[in-house]
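Peer 1: Take a look at this one; I'll ask things after.
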Amino acid sequence: MAKKSLKIKQARTQKYSTREYSRCKICGRPHAYLRKFGVCRICFRELAYKGQIPGVRKASW
């Protein structure tokens, strides 16, 4: 889990656009962020298994 201070720091508008970075909307994790869904890989997996992300299912080939 991300520290509360880091979540607040990221939410503020930065002076320069290159300083902005994405965080997971659920847990606040900055790495392995999936832009299309707005969550990190761990939260994405949990939501997909619960069926809360429409159109996503486990792949098999």
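Just so it is clear, glycine is given a Cβ too, placed from its N, Cα and C backbone atoms.
Per Swiss-Prot, the feature Zn(2+) binding site maps to Cys24, Cys27, Cys40, Cys43; the stated evidence is sequence analysis.
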Peer 1: Taking the centroid of the Cβ atoms of Cys24, Cys27, Cys40, Cys43 (Zn(2+) site), which other same-chain residues have Cβ within 8 Å of it?
Peer 2: Arg23, Lys25, Ile26, Gly28, Arg29, Tyr33, Val39, Arg41, Ile42, Phe44
Peer 1: If you count CB neighbours within 10 Å, which one among the binding-site residues Cys24, Cys27, Cys43 has the smallest count?
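Peer 2: Candidates: the binding-site residues Cys24, Cys27, Cys43. Fewest Cβ atoms within 10 Å: Cys27.
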Peer 1: State the three-class DSSP label for Cys43 (Zn(2+) binding site), counting H, G and I as helix, E and B as strand, and everything else as coil.
Peer 2: helix
